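Participant: Here it is: the structure, laid out below.
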Amino acid sequence: MAQIITEVSRTFNEFLLLPNRTRTDTSATTVELRTPLVRHVVGEVPAIELQSPFTSAIMQAVSTPELAIALARNGGLSFLHHNQSIADQAAAVREVKNFKAGFVTSDTNVRPDDSLGVLVDVMRHTGHSTAAVTHDGSPNGSLLGLVTSRDFHPQRHDLDGPVSGRMTAIADLTHAGPDVTLSEANAQLWDERLDCLPVLDADGRLQHLVFRSDYTDNKRFPNQLVDAAKRLRVGAGINTHDYQERVPALLEAGADVLCFDSSDGYSDWQAQAVTWVKKHYPEIPVGGGNVVDGEAFTFLAEAGADFVKVGVGGGSICITRDQKGIGRGQASAVLDVAAARDAFRERTGEYVPICSDGGLVHDYHVALALAMGADFVMMGRYFARFDQAAGAKFPTRDGFVKEYWGEGSNRARNWQRYGQGGQGLIFEEGVDGYVPYAGDLNEGLALTIAKLRTTMVSCGSRTLPEFQSTARLTLVSDQSFQESHATVTLRDTPPTA
Ligand code: RVP
């Protein structure tokens, strides 16, 4: 007879945190959000720690190189998706690893024989007022000059005339070589009163531009997640089908950490694949999942997984529970797996972090997941709303939306994640839809982090481990859930009779 687990499967919405005593040395600005990403011996510092407990989902619609750069600059980590060719995924990893803060790839480029009219169009399209003039109009062509919106006036100058007639030619431009550091470039910008410094390779091809206006940019991000060579860190999703070819290519490209991406990680295939990676590349951390109970966590931890993702069926685009009747409320899953993680730590002396993946709808859900024992969270819908995510942005009557689709939808057809008997994706496990547009990741995430910090202060916690060990949670009834929301008529709603 089937085993019935009598404990009800619960979601985050069913819980609230109780405030704990807040001491005078606890403040939002000093709360520490550092958290372990990978397995380590208790008492030792993990090989990789996140500076803030956020990772972005291994999804086409979410983790672009642009988003990975923005998230790592804010102390978190993206996992670039594997639902693309090995070469494309490796190129995406390289793009993140090659990012140099303050060094931008020129997006406003023209050829010398393009007309000023073309230049005006390009500038209008990108919104930038400095254009590189390269031999072929590409971002990395031979640099022939720079032209800015101050070099011509659309009414005074003939818009049919060539750009070359108004540009500052390379012979009259200060430029730097490929090895220039950001501080050297900034010194040159200020000493020589330049607005823009082109960085060229040995053959005179444009590599990057450094702008005076970006000078303060780096200072905005004190918690960047970087490797020993100060390059941003990036993760990559892998699957149990082509890992023997994919893993070496991703490591070659510079991936810092890998994660097996499966809707059901409690399988011999995943354990064998984790063991293979650990045997051939012992230095690279590899995560596993997804699981929803302690038994499955222990199975993957014993196979060698360096962290384990928790969550089946709770994702905002996920219909696995409707289609297959499989899953577990995310709160119950995290609590059960956290208990197994702690038991594993007691038994082996090793700490294997866990990640709460999917189903985080409100900012405060992040705090609940962490309080319940997650070391970090993974979010898809949350990040899909930002400029840096892959989905297209569309206007609606009330603002903008962005596209967001599941890996199990017909649009993504990620059969490697959704094993359905080795016959490709036979039925959908995800939907294709829209999420409200939320602007720039840097601003949105700063707000979420501010809320997390103040929640931790209310709970009297200065660090995440302290938060995990001292948080007190209460179940909420339907009635008290209602009480949580404003019950007055809001000012922007017309009063009804
Ligand atoms: P959410 O943050 O609620 O949007 O959930 C994102 C998570 O949902 C992913 O990290 C993944 O675990 C899961 N997912 C991705 N695609 C699908 C699907 O098509 N069912 N589910």
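Backbone N, Cα and C atoms are what each Cβ position is placed from, and that goes for glycine too.
Annotations per TrEMBL:
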| type | residues | note |
| --- | --- | --- |
| DOMAIN | 167-225 | domain 'CBS' |
| BINDING | Asp261, Ser262, Ser263, Gly311, Val312, Gly313 | NAD(+) binding site |
| BINDING | Gly313, Gly315, Cys318 | K(+) binding site |
| ACT_SITE | Cys318 | active site, thioimidate intermediate |
| ACT_SITE | Arg417 | active site, proton acceptor |
Participant: So around the K(+) site, Gly313, Gly315, Cys318 aside, which residues have their CB within 8 A of the centroid of those CB atoms?
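Facilitator: Not counting the recorded site residues, we get Ser263, Gly311, Val312, Gly314, Ser316, Ile317, Ile319, Thr320, Arg321, Gly327, Gly358, Gly359, Gly406, Glu429, Gly430.
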Participant: Please report the Cα separation of Gly315 (K(+) binding site) and Ser262 (NAD(+) binding site) in Å, rounded to an integer.
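Facilitator: Their Cα atoms are separated by 13 Å.
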Participant: Using C-alpha positions only, work out which of the recorded positions Asp261, Ser262, Ser263, Arg417 is nearest to Cys318 (K(+) binding site).
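Facilitator: Considering only the listed recorded positions, the nearest one is Ser263.
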Participant: Between Asp261 (NAD(+) binding site) and Arg417 (active site, proton acceptor), what is the CA-CA distance rounded to a whole number of Å?
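Facilitator: Given the Cα positions, Asp261 (NAD(+) binding site) is 6 Å from Arg417 (active site, proton acceptor).
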Participant: Running a distance check here. Ligand 1 versus the recorded positions Ser262, Val312, Gly313, Gly315, Cys318, Arg417: which have CB less than 6 Å from one of its atoms?
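Facilitator: Within range of ligand 1: Gly315, Cys318.
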Participant: Check Val312 (NAD(+) binding site) against DSSP and tell me helix, strand or coil, would you?
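Facilitator: The residue in question, Val312 (NAD(+) binding site), is coil (DSSP, three-state).
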Participant: So the record assigns Asp261, Ser262, Ser263, Gly311, Val312, Gly313 to NAD(+). If I measure every Cα pair among those residues, what is the longest distance in angstrom, as a whole number?
Facilitator: 14
Participant: What's the CA to CA span in angstrom from the residue listed as 'active site, proton acceptor' over to Ser262 (NAD(+) binding site)?
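Facilitator: Per the Cα atoms, the residue listed as 'active site, proton acceptor' and Ser262 (NAD(+) binding site) stand 4 Å apart.
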Participant: Averaged over the domain 'CBS' (167-225), what pLDDT does the prediction give?
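Facilitator: Taking every residue in the domain 'CBS' (167-225) and averaging pLDDT yields 89.
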Participant: On a simple 10 Å Cβ count over all chains shown, which one of the binding-site residues Val312, Cys318 is most densely packed?
Facilitator: Val312
Participant: Counting other CB atoms within 10 A of each CB, which of the binding-site residues Gly311, Gly313, Gly315 comes out lowest?
Facilitator: Gly313
Participant: Using the CB centroid of Asp261, Ser262, Ser263, Gly311, Val312, Gly313 as the NAD(+) site centre, which other residues of the same chain sit with their CB within 8 A?
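Facilitator: So the extra residues in range turn out to be Asp264, Gly265, Gly289, Asn290, Lys309, Gly315, Cys318, Thr320, Asp357, Gly358, Arg417.
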Participant: Non-local Cβ contacts of Ser262 (NAD(+) binding site) (under 8 Å, 6 or more apart, same chain)?
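Facilitator: For Ser262 (NAD(+) binding site), the qualifying residues are Asn239, Thr240, Gln270, Gly289, Asn290, Arg417, Gly419.
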Participant: Quick check on the recorded positions: of Asp261, Ser263, Arg417, whose CB has the lowest count of neighbouring CB atoms inside 10 Å?
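Facilitator: Comparing Cβ neighbour counts within 10 Å for the recorded positions Asp261, Ser263, Arg417 gives Ser263.
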